[in-house]
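Input: a single structure, listed below in structure tokens.
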Amino acid sequence: MGEAKEIYSAPITPKTALSPPVSCPPSQFHSPSLTRSPLLQSENGDVHNSLPKSKTPKTPRTPRMSLTPRFITPLGSPVRKVLRFTKLDPQDAWLPITESRNGNKYYAAFHTLSSGIGIQALVLPVAFTILGWTWGTISLVIAFIWQLYTLWLLVHLHESVEHGIRYSRYLQLICATFGEKIGKLVAMFPILYLSAGTCTTLIIIGGTTARTFYQVVCGDACATAKPLTTTEWYLVFTCAAVVLSQLPNLNSIAGISLVGAVTAVGYCTSIWAVSVAQGALPGVSYDPIRKGSSAQSAFSILNALGIIAFAFRGHNLILEIQATMPSSEKHPSHVPMWKGVKVSYTIIAACLFPLAIGGYWAYGQLIPSNGGMLTALYAYHSHDVSSFVLGFISIFVVVNGLCSFQIYGMPAFDDMESSYTTRMKKPCPWWLRSIFRVFFGFFCFFIGVAIPFLSSLAGLIGGVSLPVTLAYPCFMWLKIKKPKKHSLMWCLNWFLGTFGVCLSAILVAASIYIIVDTGINVSFFNPQ
């Protein structure tokens with residue numbers, strides 16, 4: 001047995017009873033990777049299968065069979081009186097998210113940037129048409145600072161030195177904090193949507209943009225040849241995404257995330273730069289749109305806030321990205337993770353703010369509500385901008401969609417494979433892993449064809465996913481870290497968490513009202 005360089009231990013004290021292990025959902029495992037050693041030994045060479053002991057004696061419970069697996073990830077403690085290790089569960093080494101623990105700050109920056117910026121940023125100027133210059137800019141700044149703060153909370157909640165546990169998945173952390181039932185109730189749907197729903201949206205936008213790229217490249221030849229239908233373009237994009245999804249784990253797609261990050265920065269910068277270079281449109285107006293009664297205007301403002309919230313997604317992947325890093329007492333994973341996050345979000349800010357402000361300056365109230373900046377560029381400047389620039393932007397959008405599909409699909413891949421490893425007690429074979437990923441890709445394709453207007457629900461989606469980003473991390477910090485009552489951290493997290501939940505409920509109600517009042521182009525099984 002080789003030397004274990006990243007072995008974690010939990011503090012124990014003499015004369016204590018066994019503490020109950022952490023209970024997690026069947027599909028959420030969080031024991032450490034066994035790339036170095038499946039059985040950890042004590043200094044005397046004995047293998048210990050007992051769990052870390054707690055400081056508070058508890059009444060022993062009779063062992064019983066449970067369908068819920070109980071695993072822990074031992075983590076080093078700064079105070080150790082007795083050094084003892086636990087037997088590690090091997091299943092975490094079989095799952096895509098934690099199969100490899102060789103990540104670093106560069107990989108973290110690639111993944112965070114690829115998941116944190118994308119197509120959703122292109123609709124930010126639409127929110128400005130409702131909020132106007134002042135409140136649009138203020139709302140964007142507040143949202144950026146708020147989500148960066150909750151991101152810092154999640155990075156530091158990933159590993160608990162006090163309890164010797166490392167949380168490798170968002171759902172695992174929230175279930176361990178509030179209990180399995182409450183955790184699944186409040187977080188399961190938003191997290192599932194941010195995975196499968198985002199992949200579906202990427203298929204819709206990626207397939208549509210691939211069709212536009214083909215039309216730009218072939219030019220007049222498209223008029224004589226029989227073009228592919230929109231559904232067929234969705235299928236082309238899905239097949240390419242499924243082929244890329246065969247890479248085994250999260251660390252193995254670091255290069256793909258780098259490509260996704262570069263293309264995202266490329267097309268965001270190109271779109272706002274070209275739009276600003278072309279100048280403001282004739283007759284452009286910057287007066288906030290106010291239609292109907294006061295209630296309708298209020299709901300429109302709330303819907304605009306939901307669009308801004310939708311632009312800041314990706315928090316559901318932060319713990320998973322950090323889980324790919326090694327961690328030890330002297331070198332905890334939150335240090336390189338936060339370095340990578342700071343670099344990536346500096347770049348994200350350099351893309352989002354010029355895109356929102358420059359796009360609103362160029363198009364004002366004339367910007368299309370569906371598609372945002374990308375649609376506006378094709379609608380107003382298709383004859384003013386060279387085909388090379390339009391093709392360049394289009395292919396970058398398609399490539400970024402393919403790359404983002406991989407990182408957003410990884411939690412779903414992990415969940416499906418964990419169901420197999422739980423039942424069979426062995427790694428998922430390569431052929432079954434391929435079947436799982438093909439099934440997921442074409443399931444998203446089916447949803448994209450059935451509900452092609454999914455990308456038009458940006459305000460509603462932002463309201464539903466807002467607590468995952470802005471509210472739940474605050475409550476989890478209060479529950480786990482237990483800051484002093486009435487201290488700055490205590491007051492700040494209570495305020496932000498409560499305000500975030502209330503804002504989410506209001507945004508969902510406002511978005512539903514706007515959809516019912518103004519309507520959207522509902523076309524089931526009829527992609528345009």
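For all residues, glycine too, the Cβ spot is worked out from N, Cα and C.
TrEMBL has this to say about the protein:
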- 25-44: compositional bias 'Polar residues' (COMPBIAS)
- 52-64: compositional bias 'Low complexity' (COMPBIAS)
- 106-514: domain 'Amino acid transporter transmembrane' (DOMAIN)
- 1-67: region 'Disordered' (REGION)
- 106-127: transmembrane segment (TRANSMEM)
- 133-155: transmembrane segment (TRANSMEM)
- 191-213: transmembrane segment (TRANSMEM)
- 233-251: transmembrane segment (TRANSMEM)
- 258-281: transmembrane segment (TRANSMEM)
- 293-312: transmembrane segment (TRANSMEM)
- 343-363: transmembrane segment (TRANSMEM)
- 388-409: transmembrane segment (TRANSMEM)
- 430-451: transmembrane segment (TRANSMEM)
- 457-478: transmembrane segment (TRANSMEM)
- 490-516: transmembrane segment (TRANSMEM)
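When each of 233-251, 293-312, 343-363, 490-516 is scored by its Cβ pairs under 8 Å to the transmembrane segment (388-409), the top-ranked stretch turns out to be 233-251. With respect to Cβ pairs under 8 Å, the transmembrane segment (191-213) is most closely packed against 457-478, considering the stretches 106-127, 133-155, 258-281, 293-312, 457-478. Beyond its flanks by at least six residues, the transmembrane segment (258-281) meets 109-110, 113-114, 117-118, 121-122, 344, 347, 351-352, 354-355, 358-359, 361-364, 366, 373-374, 376-377, 380-381, 384-385, 389, 392-393, 396-397, 399-400, 402-404, 406-407 of its own chain at Cβ-Cβ distances under 8 Å. For the transmembrane segment (233-251), the most Cβ-contacting stretch among 106-127, 293-312, 430-451, 457-478, 490-516 is 430-451 (pairs under 8 Å). When each of 106-127, 133-155, 293-312, 430-451, 457-478 is scored by its Cβ pairs under 8 Å to the transmembrane segment (490-516), the top-ranked stretch turns out to be 457-478.
Highest Cβ pair count under 8 Å relative to the transmembrane segment (293-312), across stretches 106-127, 133-155, 430-451, 457-478: 457-478.
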